[in-house]
Amino acid sequence: MYVPDFRFRRLRRTQTLRSLVQETHLQSTDFVLPIFVEEDIREPVVVASMPGVFRYPEDQLAQRVKAAWSAGVRAVILFGVSTHKDDCGSDSWSEQGLMARMLRTAKEAAPDMLVISDNCFCEYTEHGHCGMVAGDDVDNDKTLSNLQRQVVVAARAGADMIAPSGMMDGMIGAIREALDGAGFSHIPVMSYSTKFASAFYGPFRDAVDSTFKGTRASYQMNPANGREALAESMLDEAEGADLLMVKPGMAYLDVLANIRQNSSLPLAVYQVSGEYAMIKASAAAGVIDEKAVAMESLLAFKRAGADLIITYYALEAIEWLSQKHE
Ligand code: PBG
């Protein structure tokens, strides 16, 4: 009879032993909760493919942020769905615009909550692109000037962190210059540094009621490219990003692990709408155990190197973690 030399199973015998040698752990401060606010609605609107996710009227934002704080959430990222759209997204850099109002409301509701501003234009432009369109494409450098105005307004409104998601070249350098010039050198920038042109964003487009029918492939990354994925994040680090991000998550763990090996900055991952929707739908169909699969997916992000996880599961994950210790 063959007898193995080494026995991994020795350390797997009991739950206590297994937890003592567990390499990665989830905790409530790992999570960032996305919140959607829509102008001109009176009641929350459920996002059809994302059970548990709503677009909230502006006057319910304070309550949502307070409830999240009480539930243990320590960071939120705010998305606005504007009804004041134009060709360049100017509402997003108006002091009285939706983005500024959301940030002021959230900070006032829970002053200790880390309030992150998602800085993009797609929810503020008529055409739905993440910047200024010139000809048949998004004009990178004109978009950067608008982004500079937008982030200064966001910082003035109280944003604790700026998170540009538009994938324009040079966006981190431009933002850093604008923030520093306006007296916000203390405000960190979390770059959506490696963001792919992904089909997993489908339900988000539903969530923000996007009329967008085109493609973002001329600015977001090709899902096929791993080397370029690293280069994108490394350049953002060189431009002054304080945190890097990979988006989406589950299909891009190799990218996450590669950036983790090449940077010492904190690293975030975005478990996007399609990932959430797939878990919810298969749980509803009775084919998987929702809690087990969701928590396994979140743990995998930590193992691959993420420090922060932006996820629609934030509230449930914190609740599930607390049950574990009861
Ligand atoms: C665009 C943006 C996207 C998401 C957030 N901001 C993607 C896109 O439409 O290209 C997706 C979030 C999600 O799917 O959960 N700036």
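Backbone N, Cα and C define each Cβ position, glycine as well.
Binding of Zn(2+) is annotated in TrEMBL for C120, C122; the matching candidate from C88, C130 at the same site is C130.
Ligand 1 lies within reach of C122 from the recorded positions C122, K195, E232, Y312, judged by a C-beta closer than 6 angstroms to any of its atoms. The binding-site residues considered are C120, C122, C130; of these, C122 has the fewest other C-beta atoms within 10 angstroms of its C-beta. Note: the CA-CA distance between E232 (Mg(2+) binding site) and K195 (active site, schiff-base intermediate with substrate) rounds to 9 Å. Closest to K195 (active site, schiff-base intermediate with substrate) by Cα-Cα distance, out of the recorded positions C120, R205, K247, Y312, is K247.
Taking the Cα of C130 (Zn(2+) binding site) as the reference point, the closest of the recorded positions R205, R216, K247, S273, Y312 is R216.
In this view, S273 (5-aminolevulinate 2 binding site) is surrounded by 24 other Cβ atoms within 10 Å of its Cβ, with every protein chain counted. Comparing local CB density within 10 A for the recorded positions R216, K247, the maximum falls on K247.
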